[in-house]
Amino acid sequence: MWIENLPNGKYKYFERYRDPLTEKLKKVSVTLDKKTPRAQKVAQAELLEKIESKINNSSTSNAKFTDIAEEWWSFYKKSIKQSSISALQSSFNFIIDYFDKEIKISNVTSKVIQKFINDADCPRSKLERSKSTLNLIFDYAVDLEYIEYNPARKAKLPKKIQTVKDLEKIQNKYLEQNELKALLSELYSRPNTRRLALLAEFMSLNGCRMGEAIALKKENYKRSERKIDIHGTLDKTVGYSKGVKTTPKTASSFRTVDLSDREIEILDEIIEQNNLSKSVINDYNEMGYIFVSKRGIPLQTNSFNLAIKRANSRLKSPINKNLSSHIFRHTLISYLAENNVPLKAIVDRVGHKDGGKTTTAIYTHVTENMKSSIIDILNKKN
């Protein structure tokens, strides 16, 4: 222990100790009014008490990784939607199954995490989610002072080499305009799929997600202003018939977008159909939603996806792509990119955060293909 005189006439007592977590020397101090032998004994006792407290707090380094991971998961689930919980549960389980149940969190180094990444035998998308999950687990551990730094941040995913197959995957994420026209025409040709056709065409023009589209209510539709508020999504986990609207996927998903002439026509038609159904069907379930079945229940994603696949199978030349509701959103992105709309404007319309990986990939792919048209234009000039 040593003592320093302070300008205010008091005395500061210091003592060093070795932090068991970092193995570095640290110091603690107390300030007293006197420098007498009695005061020095008091200071010594207080310093030892402080050191003991610091060392006990450092013992959190003995905590097991899986215990902290479970603790984080219980905490994190309270801040995300049920749909996000379902999406992340598989990655979380993948991590828990890999790591030894007895390993201390302080012993999970960047090398250990890198080995987890290198050993992982799973699709790239799952590996990326698992790495993001590890980042969050260790950020939590740092915040609660279980560890001093996040080892997951230094571990790296292998650089993805883009192949011809990857480029084909991007192309398969959206429809060409002739493909869109053929599919919509088939859906419109049958009375039992007309409502689905209206929804599909609306998404191809608006760029909204299906969950956002079926969560649209009449009060969101500002016809006189030619705008619509996309301020939520339908929580499918509780059932479509309950029609529970929840917050959107991200803050950027909370948006108001302008409506084209055709979008207004679509909204007017579906609302008119709903009013007709309400007048003739006794058990019509009025929940205020726009894109609903003839009984008032929001259109279901699984039924929609099945219907467009069946419609595709009836085409003379079926589209060789994985058709789902999301393809209409991506089709708008590609169409706007082809028409030289800036990426920022597209992102704002479709409500993607930070550009959005898929949005950017489609935009880049389409604009790269457009470079070939430059030569055609220049050749025509001559």
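Cβ coordinates come from backbone N, Cα and C, glycine included.
Taken verbatim from Swiss-Prot:
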ACT_SITE  Arg209  active site
ACT_SITE  Lys242  active site
ACT_SITE  His326  active site
ACT_SITE  Arg329  active site
ACT_SITE  His352  active site
ACT_SITE  Tyr363  active site, O-(3'-phospho-DNA)-tyrosine intermediate
DOMAIN    63-142  domain 'Core-binding (CB)'
DOMAIN    170-376  domain 'Tyr recombinase'
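Shown here: features listed in Swiss-Prot, placed on the structure.
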residue : record                                                : Cβ contacts under 8 Å, 6 or more apart
Lys242  : active site                                           : none
His326  : active site                                           : Lys173, Arg209, Met210
Arg329  : active site                                           : Met203, Ser204, Gly207, Cys208, Arg209, Val350
Tyr363  : active site, O-(3'-phospho-DNA)-tyrosine intermediate : Ile333, Ala337, Leu343, Ile346
Tally of DSSP helical, extended and coil residues in the domain 'Core-binding (CB)' (63-142): 64 helix, 2 strand, 14 coil
